[in-house]
Number of protein chains: 2
Amino acid sequence: MGSLPSQTFSVEITDNHIHAGAVAVPGAQTSEWLLNSPNPPTFWEQIVGAINENAIPRSCIKNPNKKVSSLGSGKQSIFKTIVTLLQRVFPILKLARNYKASKFKNDLMAGLTLASLSIPQSIGYANLAKLDPQFGLYTSVVPPLIYAFMGSSREIAIGPVAVVSLLLSSMLQEIQDPVADPVAYRRLVFTVTLFAGIFQASFGLLRLGFLVDFLSHAAIVGFMAGAAILIGLQQMKGLLAISNFTTKTDVVSVLESVVKSVHQTWYPLNIVLGCSFLIFLLVARFIGRRNKKLFWVSAIAPLISVILSTLIVFVSRADKHGVKIVKEVKEGLNPISIHQLQLNSSTVGLAAKSGLIAAVIALTEAIAVGRSFASIKGYNIDGNKEMIAIGFMNIIGSLTSCYIATGSFSRTAVNYSAGCESVLSNIVMAITVMVTLQFFTRFLYFTPMAILASIILSALPGLVDINEAVHIWKVDKLDFLACLGAFLGVLFHSVEFGLLVAVGISFAKILLISIRPGAEEVGRLPRSDMFCNMKQFPMATKTQGFSIIRINSPLLCFANASFIRDRIMRLVEEDEDGDGIEEKTIKDHPKQLVVDMCNVMSIDTSGVIVLEELHKRLLLHGIQLSIASPKWEVIHKLKKTKFVEKIEGRVFISVGEAVDSCTGNASKFPSP
Amino acid sequence: MGSLPSQTFSVEITDNHIHAGAVAVPGAQTSEWLLNSPNPPTFWEQIVGAINENAIPRSCIKNPNKKVSSLGSGKQSIFKTIVTLLQRVFPILKLARNYKASKFKNDLMAGLTLASLSIPQSIGYANLAKLDPQFGLYTSVVPPLIYAFMGSSREIAIGPVAVVSLLLSSMLQEIQDPVADPVAYRRLVFTVTLFAGIFQASFGLLRLGFLVDFLSHAAIVGFMAGAAILIGLQQMKGLLAISNFTTKTDVVSVLESVVKSVHQTWYPLNIVLGCSFLIFLLVARFIGRRNKKLFWVSAIAPLISVILSTLIVFVSRADKHGVKIVKEVKEGLNPISIHQLQLNSSTVGLAAKSGLIAAVIALTEAIAVGRSFASIKGYNIDGNKEMIAIGFMNIIGSLTSCYIATGSFSRTAVNYSAGCESVLSNIVMAITVMVTLQFFTRFLYFTPMAILASIILSALPGLVDINEAVHIWKVDKLDFLACLGAFLGVLFHSVEFGLLVAVGISFAKILLISIRPGAEEVGRLPRSDMFCNMKQFPMATKTQGFSIIRINSPLLCFANASFIRDRIMRLVEEDEDGDGIEEKTIKDHPKQLVVDMCNVMSIDTSGVIVLEELHKRLLLHGIQLSIASPKWEVIHKLKKTKFVEKIEGRVFISVGEAVDSCTGNASKFPSP
């Protein structure tokens with residue numbers, strides 16, 4: 001639009017697409033188009049449409065057309081269809097076609113690096129979940145293998161994670177005491193894992209992936225930070241070797257426990273060992289972060305810590321001086337646990353509830369991890385397919401002595417940095433852990449608990465994203481409130497309560513924004529046909545004889561309609577006052593009120609009633625009401641309620657048309 | 001816009017307001033205006049603004065300016081200010097200035113007509129509220145007098161109403177049995193009335209009038225219909241003279257009671273008397289409705305029924321044959337009840353809760369009544385002032401043996417039809433009731449209960465608005481669901497539950513609409529610069545080389561952002577497919593995606609993240625993303641999150657500008 005203003009120019013219209021004659025279509029015609037537009041999809045059509053769109057995978061809809069072109073090839077096409085179907089269920093089959101030896105080398109290295117981090121973390125997380133160490137290792141074997149065949153993320157590292165482990169122990173300790181009856185507790189954990197897997201798979205199968213979106217980004221940031229602090233506090237038990245630790249997870253109970261333990265027997269060796277290795281781990285982490293090439297330092301540090309500390313304890317027999325050690329880790333691969341599931345006990349309802357919460361949290365983490373790394377590498381992840389894969393891996397996991405597994409933030413980053421090429425690095429990792437389980441568990445006997453605690457502690461800073469919290473505060477105060485709510489709820493009440501608070505605040509925010517009543521005066525941008533908020537665009541000018549007011553709420557409904565009506569009346573009255581006092585030169589008060597409804601997505605019966613009231617009241621002031629740019633659904637409702645008939649002929653497709661129509665085009669095309 | 005398309009025309013631009021050069025302002029400049037627009041009001045500023053706007057009466061803000069001009073007149077101005085203030089608190093003082101004798105004649109007639117309806121209705125409603133008849137009459141004395149001095153509606157008829165009476169008895173019977181201990185029940189009623197008054201007055205003082213709006217029109221229609229049926233069923237007790245009537249109000253319990261009563265002693269005279277007068281009342285009502293001039297037939301019919309039936313019973317001594325009569329109505333004016341309030345008993349919490357619910361229902365009815373008649377006569381009612389008036393009348397009422405009073409639908413209509421000119425008709429009515437209380441209560445001794453039941457029954461059809469329900473069904477299915485929810489909830493559970501259901505459904509609907517993910521393809525309207533939904537405007541055409549997609553949700557937030565992203569990606573892919581297969585002639589696939597954000601009122605951190613993902617993904621497809629017409633708040637957030645920098649220079653004030661900018665204006669001004 002390089003033409004200069006304030007000069008004569010001429011334009012030849014030769015084509016529909018040429019629109020220098022932007023205002024060349026008669027206003028009456030556009031109003032007619034608007035009023036005669038077909039009915040919008042009904043409520044039922046919208047629901048059916050949404051179900052069709054989301055419940056039926058797009059590939060199924062597309063296939064029929066594609067088949068037409070390949071129908072000729074008979075048997076081969078059936079074979080192809082089967083291959084396509086199998087590939088859809090097991091994405092790993094696609095991999096087989098173009099996998100090269102060079103890629104495998106990368107995957108092997110990444111998988112081994114991953115395993116070196118996975119083994120100590122798994123033992124630590126099992127401890128956090130109040131399970132024996134081998135169950136953490138089991139969970140790093142079966143789920144990654146299942147995921148490798150069904151999942152579509154290439155970087156994700158599957159296994160136990162800190163937040164889900166904490167969540168499990170915090171929820172299940174209240175149902176079953178893990179110290180008093182570890183077998184019953186374990187059975188409960190497997191049952192919850194089964195339920196979580198079933199929920200996750202059904203979310204995917206029913207295409208309910210959007211449920212995971214109900215945890216807003218801000219809520220997740222707050223939740224993760226709160227959980228990280230709780231996890232850190234739980235490590236006090238290992239670091240200080242406290243024996244009577246509280247079973248509650250909130251900050252107050254844990255700190256009370258720690259304070260009380262001061263009066264207990266004190267084992268300084270635990271703290272010395274734990275803290276020195278924590279410093280080592282944090283330094284390694286710092287080096288890995290500063291220099292991307294040295295990331296392996298931070299990746300391998302936990303394994304080195306375990307080996308070193310185990311050797312130290314073994315040589316010095318420090319366990320006899322109060323250093324708590326892992327002791328026996330059961331040898332052998334995952335035992336079958338199908339007979340341990342408790343599906344007809346009285347706790348099955350509670351187990352299902354806990355399973356649902358854990359399922360959502362695990363999915364949220366896995367999908368966030370998967371998506372963020374997929375977007376770095378530039379491919380897509382289908383949330384619903386991922387849910388099916390994660391669901392199945394947990395179902396199979398619950399039958400093979402695993403607890404809930406999901407994608408780990410920290411290990412996925414290591415996997416990515418180690419240069420993994422495909423999901424094969426997970427298989428390499430799982431096999432390494434299997435070998436460890438089979439042959440090396442005895443070497444873990446002397447591993448001190450304090451080291452496991454410091455390994456978990458060193459992974460926590462990744463969960464607390466203070467920068468992001470500051471960013472959220474800067475961008476959106478209400479989002480920050482949801483973040484803070486989740487954080488404080490997790491810290492001071494319970495993990496589930498924190499989630500509830502965050503979801504509650506997030507939805508309250510949506511409600512607040514949707515019904516926030518707004519009306520703003522709009523003016524014409526200089527030398528254009530656009531009407532904009534006069535506060536946002538100070539250069540916009542009023543049109544003589546018009547009040548043009550834009551409703552600024554997405555809904556004109558029972559909750560805000562009378563507010564909006566009052567505000568419009570106030571703006572009109574102010575306008576009358578203003579014109580009368582300040583601009584004495586203008587003789588005619590606004591006799592036209594154009595209500596710009598371009599923002600109103602939906603109107604209900606209360607909203608229409610308020611418009612009718614507004615129309616009546618304005619008539620008393622001698623002001624004509626025009627409606628400009630109503631949305632499809634709104635114009636449909638206005639037609640149905642016969643409001644359009646009441647303001648006959650004063651519904652316009654845009655504010656410009658409304659102004660032009662009322663001024664009778666006089667100012668528009670001055671006689672040349 | 002009468003210019004013809006497809007012809008050469010020339011325009012001279014001489015003025016800012018002349019806009020045939022609608023597109024004459026350079027696109028770069030408008031983008032700059034958009035990007036450099038001042039910051040929108042912050043969250044706190046919005047809250048403070050809203051409080052200022054609503055909490056401080058506008059007149060207070062305006063006065064300072066006005067005082068300047070009248071400061072010279074010293075003492076007189078202070079006197080004037082006091083008069084103005086007094087007039088604001090007691091609108092009746094304004095009336096005094098220009099009240100004429102002719103007006104008083106009208107008010108007197110209207111007041112007497114009103115009283116003739118009020119006396120039988122008050123006794124009946126007191127019965128519905130499980131109180132002795134005189135309490136209904138008391139409630140028609142003090143509250144109307146207080147309202148007359150403080151209220152601003154001219155037509156409203158104040159007194160006890162059916163719905164609130166039912167609500168009171170349904171809520172309070174569960175706390176205190178009115179049959180076993182009528183004195184304690186009465187004390188509870190006064191306490192609840194006090195609380196209701198306090199709540200109402202504080203809503204008004206704190207300018208929380210909008211709380212009443214949270215009951216949507218649809219919910220009120222359903223609620224009223226359900227309540228009317230319950231009230232009707234309650235009248236079975238009087239009509240059938242059932243002695244062991246249930247204390248519950250839901251349909252099932254009441255019908256059970258009625259069925260059980262079949263086995264009791266049967267008093268046919270009650271039914272004969274009740275039904276014959278019911279028919280008389282309904283015929284009178286019908287006549288009054290058909291012929292507006294004969295409205296007084298329906299207004300006076302209840303009093304005639306009472307007088308006639310009382311005479312019949314008195315003469316025939318039918319009370320000895322099973323006809324239940326009112327028996328003693330205590331003589332004398334309202335006794336003081338201040339010492340009966342129970343503010344330190346254990347039930348005070350329950351009383352406050354019941355008071356809150358009753359306060360909201362009473363306000364809803366009063367304000368709906370006041371507003372609808374004010375709009376007929378063409379004046380305004382300030383909701384907050386009304387609430388203060390109604391609150392005070394109930395507070396004073398609770399101290400003078402009244403229960404909750406509010407504006408009655410049916411009596412207000414009678415008052416209006418009788419030609420009332422001002423609130424004085426209420427005073428006349430109150431004085432008439434006072435006289436009745438003082439001198440004529442003994443004549444009410446033989447009034448049969450069945451007549452009271454039929455008077456209440458005859459007023460019920462006005463509460464059931466089937467046409468409106470049908471209208472709501474036609475206009476909005478979800479609104480109808482709220483209506484139905486309120487109706488069924490009231491009928492089959494309880495009055496409070498019905499309200500809860502209605503409010504719940506109404507807010508769920510707002511949530512649903514706000515997060516409903518939508519994206520639609522838009523095309524250019526022929527010969528214009530407007531871009532519209534291609535399904536709504538089939539004449540709209542696509543622009544070559546562009547996908548133009550409009551986000552159709554008012555919020556781009558955590559709950560719908562990834563849905564919208566997927567839908568946009570799908571539309572882009574479809575477009576690619578479509579172009580590839582159907583329009584082989586067009587060589588270039590869409591290389592430009594313009595996302596029209598004109599509908600998006602608000603974006604949160606999750607929404608911005610999704611936009612960033614979209615940008616990344618589109619780059620992989622080789623498509624450039626442009627953002628068109630972002631709202632003030634949205635552009636502010638996009639600037640803050642640095643998204644604007646990521647798509648440098650591709651944020652436009654409108655879709656037209658975006659298209660023009662990307663096509664380099666080439667097609668815009670073809671070389672002449």
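From the backbone N, Cα and C atoms, a Cβ is placed for every residue, glycine too.
What TrEMBL lists as domain 'STAS' is B:556-662.
The annotation transmembrane segment is assigned in TrEMBL to B:188-208 (among others). Sequence-distant contacts of the transmembrane segment (B:188-208) (same chain, at least 6 residues past either end, Cβ-Cβ under 8 Å): 54-55, 129, 131, 135, 168, 171-172, 175-176, 337, 340-343, 347-348, 351-352, 354-356, 358-360, 362-363, 383-399, 401-404.
Residues 128, 162-163, 166-167, 170, 249-251, 254-255, 258, 360, 364, 368, 456-457, 460-461, 463-466, 468-469, 472, 476, 479-480, 482-491, 495, 498-499, 502-503, 505-506 of the same chain, all 6+ positions outside the transmembrane segment (B:214-233), place their C-beta atoms under 8 angstroms from a C-beta of that stretch. Annotated transmembrane segment per TrEMBL: B:214-233 (among others), in sequence order.
According to TrEMBL, the transmembrane segment annotation covers B:267-288 (among others). Same-chain residues lying 6 or more positions outside the transmembrane segment (B:267-288) and placing a CB less than 8 Å from one of its CB atoms are 238-241, 294-299, 301-302, 305, 308-309, 312-313, 318, 321-324, 448-451, 453-455, 457-458, 461.
Taken from TrEMBL, the feature transmembrane segment covers B:294-315 (among others).
Counting residues 6+ beyond its ends, the transmembrane segment (B:387-410) has Cβ neighbours under 8 Å at 117, 121, 126, 129, 131, 135, 138-144, 146-147, 150-153, 156-161, 164-165, 168, 189-194, 196-205, 209, 212, 334-338, 340-341, 358-359, 362-363, 365-367, 369-370, 459, 462-463 in the same chain. Taken from TrEMBL, the feature transmembrane segment applies to B:387-410 (among others).
Per TrEMBL, the feature transmembrane segment maps to B:416-436 (among others). Sequence-distant contacts of the transmembrane segment (B:416-436), counting only residues of its own chain at least 6 positions beyond either end whose CB sits under 8 Å from a CB of the stretch, comprise 91-92, 95, 99, 103-104, 106-115, 118-119, 122, 137, 140-142, 144-145, 147-148, 151, 153-158, 292, 295-296, 299, 333, 373, 376.
If you look at the transmembrane segment (B:443-464), the same-chain residues 6 or more away from its ends with a CB under 8 A from one of its CBs are 120-121, 123-125, 127-128, 133, 162-163, 224-225, 227-229, 231-232, 235-239, 241, 270-271, 273-275, 277-278, 281-282, 285, 302, 305-306, 309-310, 313-314, 318-319, 323-329, 409-410, 413. Marked as transmembrane segment by TrEMBL: B:443-464 (among others).
The transmembrane segment feature in TrEMBL is assigned to B:484-508 (among others).
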Discussion item. If you average per-residue pLDDT over the domain 'STAS' (B:556-662), what number do you get?
Written reply: 80
